[in-house]
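Structure first, commentary second.
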Amino acid sequence: MAAPASVMGPLGPSALGLLLLLLVVAPPRVAALVHRQPENQGISLTGSVACGRPSMEGKILGGVPAPERKWPWQVSVHYAGLHVCGGSILNEYWVLSAAHCFHRDKNIKIYDMYVGLVNLRVAGNHTQWYEVNRVILHPTYEMYHPIGGDVALVQLKTRIVFSESVLPVCLATPEVNLTSANCWATGWGLVSKQGETSDELQEMQLPLILEPWCHLLYGHMSYIMPDMLCAGDILNAKTVCEGDSGGPLVCEFNRSWLQIGIVSWGRGCSNPLYPGVYASVSYFSKWICDNIEITPTPAQPAPALSPALGPTLSVLMAMLAGWSVL
């Protein structure tokens, strides 16, 4: 998650100026769902606690590490003991992430999920560690686009214990439009184009970008598919970065937070003119709900084991000149 220096892309100065003006003047819109329960927005996949309602209130200041309990649904996905991706808590047994985070290795025993974690080096009082029971990748993953269908459902072996630091997020679906939404991305990705990392969970406020402008920025209609959405602060050169993959993009609506996107791909942090591209949660919401409903709960649930954190974040990928997974 970085705010790199501005660069001039393939657009000319006049076209770029017009585009930036339109991005500022035109309020972004994105489809999202309003749940039918009183005073709650979005789909809740658990009945035990309210979704999207962190216990910590107040305004967040951009450019600083995220405070504890601000994003209680944040998950750290570990592969062979290292943080590689983010995710979000849906309910007591399910985590939402990106399919490409699990494509590298089909052996689910090598993956672990950490919740209630803010610092990758230090387990907090509410940090919990869970083993993976199964991973379900969307059937269209990489079918029509090199990184399309980039959604994964992760079922845990044991039940998540909710607390002020560990809570589920609400899911967005297509029934209601969010206009000029207050949206934030969170993760432990790179914090600069030089490859610097942070042990602290990072947060970044990002405006949503209308689909036509995202097509224009990427310069080719086939890059952005209907199952994707775009977000990025082009004027201030802010975007998600390598290592943020699978993490949530959430928007506030009536004091509830709806997850509208899953960090998926982009041109990398070195080129801020290209916004981050996210898997659209509203597009996949029915598939998510259907799979959670039909999948049996693991037998004999047991308490989570005590967390034992491995090395700090290690993002072992090169900055690609073209599009890349994040």
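The backbone N, Cα and C atoms fix where each Cβ goes, and this holds for glycine too.
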Swiss-Prot annotation, disulfide partner among CYS214, CYS241 for CYS230
CYS214
Given the candidates ASN125, ASN177, specify the residue that Swiss-Prot annotates with N-linked glycosylation site.
ASN125
For CYS183, what is the disulfide-bonded cysteine listed in Swiss-Prot, choosing from CYS170, CYS241, CYS251?
CYS251
Under Swiss-Prot's annotation, the disulfide partner of CYS85 is which of CYS51, CYS101?
CYS101
Rounded to a whole angstrom, what is the C-alpha distance between CYS241 (disulfide bond) and ASP150 (active site, charge relay system)?
16
Restricting to the same chain and to sequence separations of six or more, state which residues have a Cβ under 8 Å from that of CYS230 (disulfide bond).
LEU208, ILE209, GLU211, TRP213, CYS214, LEU217, ILE224, PRO275, GLY276, VAL277, TYR278
Distance check, please: Cα of CYS183 (disulfide bond) against Cα of ASP150 (active site, charge relay system), rounded to an integer number of angstrom.
20
Spatial neighbours of ASP150 (active site, charge relay system) among the recorded positions CYS85, HIS100, CYS101, CYS251, using Cα within 10 Å, are HIS100, CYS101
Lowest local Cβ density (other Cβ within 10 Å) among disulfide-bonded residues: CYS85, CYS251:
CYS251
ASN125 (N-linked glycosylation site) and CYS85 (disulfide bond), compared by Cα position, are separated in whole Å by 22
Looking only at C-alpha atoms, tell me how far SER245 (active site, charge relay system) is from CYS101 (disulfide bond), rounded to the nearest Å.
7
